[in-house]
């Protein structure tokens, strides 16, 4: 198998040879550093500083050359523009053909430049991975993070490639103008959805899509969903996704997410009243709300396993379970049965298909819109969280039909039962089960004896292309054959081992690094604090402030409506000014103060104190959740990107367990009396928050 260093030398353009990164020199330097550290002649800190300087120099050389070439291409386009204007004034077929060929020539040169950038990016990724493997650091994450976020870093040019986009736009627009479109006065900007016919433009678009891009709001919001990926694909790899993708199925998947979140929070404003109407204490609302989370702990596992074989059947089962669960919840009032109420909520929890929702987006949505679909998942969840309490506030009516009672307690169950019934019908009509191509079906095509290319050459080419397709930020395992002979003692685990999914919770837990465990602890803490605030809101506000159900519903809806604006601010601005670990620790401290200010200690408890402290805690927890999941999506093992026990399932289980414990805390705190409930439930939140802050400080240097 060809090594990357030799492949890089073979693919280099002779005239540009001095501007590629010196991969062989840096690899030798890594070996030299290892010998120096082992011999005690060099301190690791000096090695990191020296290696960083070398990388900065290599990247600067490459980026400055890239900018120079972009300028040359822009100059050629400006010259062609003058000719273009003259041709439009006096049309001539031969000159138009000649001009179009000139634009294509510029496009082909731009393609060469894009290959140049990609080769250097792959070389940088490989050398960073080699450095981390040799010394046991996570230097690659630190280096890319610090350079990418700095306003004067040359690495920004590789990520944003703004100049490249401008050149592609100029070529695309001018070629489109020169096409035979008599009678049309529209450009590509007036009709952006119009397919571009020229193959060279399509090739440019594909090449640009292969380059990594910088973090923005959409990317941040998508990472908030923690939809894990093994490797970022390129458009050329995305043919299977295009065949399996079905827009209506994606909408149904997001609809399931939205309705489930509405179903979760629609009962929160009235759960205490419902419990008392059935003869239980108001604080039993913790058990009523939390029973759904208890069932979700188990349902997440079997839904995750079920999604290995099908998506349609789990969604059908989810809809039926939620329809039946909501019917039980609504009928419990006339049956005067708290047991039927709890069974109904347990049944709703057994219908939680969030693991399927995440998995569908990860496996069945094309790369070109996967980021938007992931952001849609988060948006649907946030909208459902806001709509649930708001809808409960609107259902303040009371009437009877035959022996069935419809009031503020039962109407949430009836409304959601009808909603899930309509959803089930829509699902059966419109959902399309994605195709599932197995490796066994593809193997004969790869080993067809009639192919004119030899098997060795085919394997070599596919291996090299695979190396080129992996983006700069991915640090998944390299194949041993891709290393040069002098590095044979430095071989990595086989591709089968490096990509084999975990087959149990124990195996998945063993793949977690200490920093990832801390981040899961943070996720547990913030979900616990948020659940305490939301679930006990009706009990606390009715006791201290005599709030009605409508008032509680408005308060909770306003909290839910802050989710997307806060994520927009963090994703678009804050994350570009500060490191993620700085935002993480700051958000934890703000959550701590929000919890602390919520205690009822020495002064009469007032509405401003409760609302302001609750808003501070909730907003800080939302910021913390977004940054925490963004970090998790980048640093979790690639083996947790697929299979039943994936990273999404682990985060879901951590959050669900936090909700279960929080709701149990509310019910247990109720035995102390409603007057002591607030402080009794806030104290564990404070202790867990302090523990997470301490853990974050202990692992601060390993969080990127």
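Every residue, even glycine, has its Cβ placed from backbone N, Cα and C.
As stated in TrEMBL, the feature transmembrane segment covers range 250-268 out of the listed 212-230, 231-249, 250-268. TrEMBL tags one of the stretches 164-182, 183-201, 411-429 as transmembrane segment, and that stretch is 411-429. In TrEMBL, the transmembrane segment annotation falls on 315-332 of the listed ranges 135-152, 315-332, 441-458.
Within the set 78-100, 101-123, 377-399, the record from TrEMBL flags 377-399 under the feature transmembrane segment. Stretch with the most C-beta contacts under 8 angstroms to the transmembrane segment (338-356), considering only 250-268, 377-399, 411-429, 551-571: 250-268. Contact between the transmembrane segment (377-399) and the transmembrane segment (682-703) is absent: fewer than three CB pairs lie under 8 Å, with pairs separated by 6 or more positions in sequence. For the transmembrane segment (609-632), the list of distant contacts is 220-221, 223-226, 516, 519-520, 522-523, 526-527, 529-530, 533, 537, 540-541, 544-545, 555, 559, 562-563, 566-567, 570-571, 574-575, 580-581, 583-584, 587-588, 590-591, 593-595, 597-598, 647, 651, 703-704: same-chain residues at least six beyond its ends, Cβ to Cβ under 8 Å. The helix, strand and coil residue counts that DSSP assigns across the domain 'SPX' (2-145) are 127 helix, 0 strand, 17 coil. Taking Cβ pairs closer than 8 Å, the transmembrane segment (250-268) reaches residues 274, 288-289, 292, 311, 315, 318-319, 322, 326, 329, 345, 348, 351-354, 356-357, 360-361, 364-365, 373, 376-377, 380-381, 383-385, 387-389, 391-392, 412-413, 415-416, 419-420, 423, 426-427, 430-431, 534-535, 537-538, 552, 556, 560 in its own chain, all 6 or more past its ends.
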